[in-house]
Amino acid sequence: MNFVEELRWRGMVHDMMPGTEELLAKEQVTAYVGIDPTADSLHIGHLCGVMILRHFQRCGHKPLALIGGATGMIGDPSGKSAERNLLDEETLRHNQACIKKQLAKFLDFESDAPNRAELVNNYDWMKEFTFLDFAREVGKHITVNYMMAKESVKKRLNGEARDGLSFTEFTYQLLQGYDFLHLYETKGCKLQMGGSDQWGNITTGTELIRRTNGGEAYALTCPLITKADGGKFGKTESGNIWLDPRYTSPYKFYQFWLNVSDADAERYIKIFTSLDKAEIDGLVAEHNEAPHLRVLQKRLAKEVTVMVHSEEDYNAAVDASNILFGNATSDALKKLDEDTLLAVFEGVPQFEISRDALVEGVKAVDLFVDNAAVFASKGEMRKLVQGGGVSLNKEKLAAFDQVITTADLLDEKYLLVQRGKKNYYLIIAK
């Protein structure tokens, strides 16, 4: 499998330094992608870089994932308009351990294969590096003129950012360049890959390698992922879509991919899955024949959810989706954990009632009219119940004066009332 050809048909090549393809064709190459450790989880904005490493390893090359422990203490000005908060070492080490666990779902770190993945942290070689070392070994090789010509620096100096550019952030490209030099000298790493906003920093590294010891190193970047409507990829109203289920439930993760547009689904299934070209072409053709069936979105959501979480989490997410949008049973509803239940019914009207009242038992008509205003009047509720239009926990309410007790609670805390086909209400017993 040819790595560059694989990336090309997937739409994952933005820029590539001349000679890169020839290098990859003649030998097993070691390459790295830098990962910002400012959180203890990756989010889907990291996934393109991670997938590039995954394809790289599948093509027989050796991937390095570089945790920017030192550079994460500073902040990269590329594409940013303000200084970043700096992290302490203990937090960075914790974040690194969490990130490695996530990367292990994509990369082989454990086998004896010569191209097994490695995780490195630039803090390990930068922590003993003095300012005098830096000035002598790095600073003297790169001119200020060269650094000022970088687009990320120009933008910050030309007034796009109110705070200007600190010296710390100005030197970031030299630190990233030194990472490349260090990995070139210690790991034989000849290629750095990243997002297109990293081109300037990566080429500073190739230039530093050339000027320091006459070595040849290469750069490859992928496009920054956008949405077809121009919106920012990977962000929702509630923030990032994280890979860690503590921050984004598998259900919400699955729903994100399921709800992308047709145009985005066709691009994303190439970028964020390992499906081959023939299978993707077949899925696209099938989707185009019947777009309303959302074949692409369903397969995309399945592949990414299984890869990031598990088959079990994927199946649970599908079951949870069917509860809201399909003809699910009360048994399926009872299987939901509390987080998924709340995620599925996020945004529906909620009412609080006293748990003590349920211990003795309460008539449904009193509970849903007097205690929680699901219905405007008892007459309205009686009429809907008689017409079969009211369900409690996905079971039709048999009588409007049916007695409800704590035994009916989901997760010992919730009652789900459905009025008609689409109106849901969540009652919380406290």
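A Cβ is built for glycine as well, from the same backbone N, Cα and C atoms used for every other residue.
The feature motif ''KMSKS' region', as given by Swiss-Prot for the ranges 107-111, 232-236, 307-311, sits at 232-236. Record note: among 37-46, 187-196, 377-386, 37-46 is the stretch given as motif ''HIGH' region' by Swiss-Prot. Cβ neighbour count for Y32 (L-tyrosine binding site): 23 (other Cβ atoms within 10 Å of its Cβ, all protein chains included). Around the Cβ of Y172 (L-tyrosine binding site), a 10 Å sphere holds 23 further Cβ atoms from the protein chains shown. Remote same-chain residues near the motif ''HIGH' region' (37-46) are listed as 67-69, 72, 84-85, 87, 92, 94-96, 98-99, 102-103, 225, 233-234, 240-244, 246-247, 256, 272 (criterion: CB distance under 8 Å, separation of at least six residues from the stretch ends). Its own atom aside, the Cβ of Q176 (L-tyrosine binding site) has 28 Cβ atoms within 10 angstroms in the protein chains shown.
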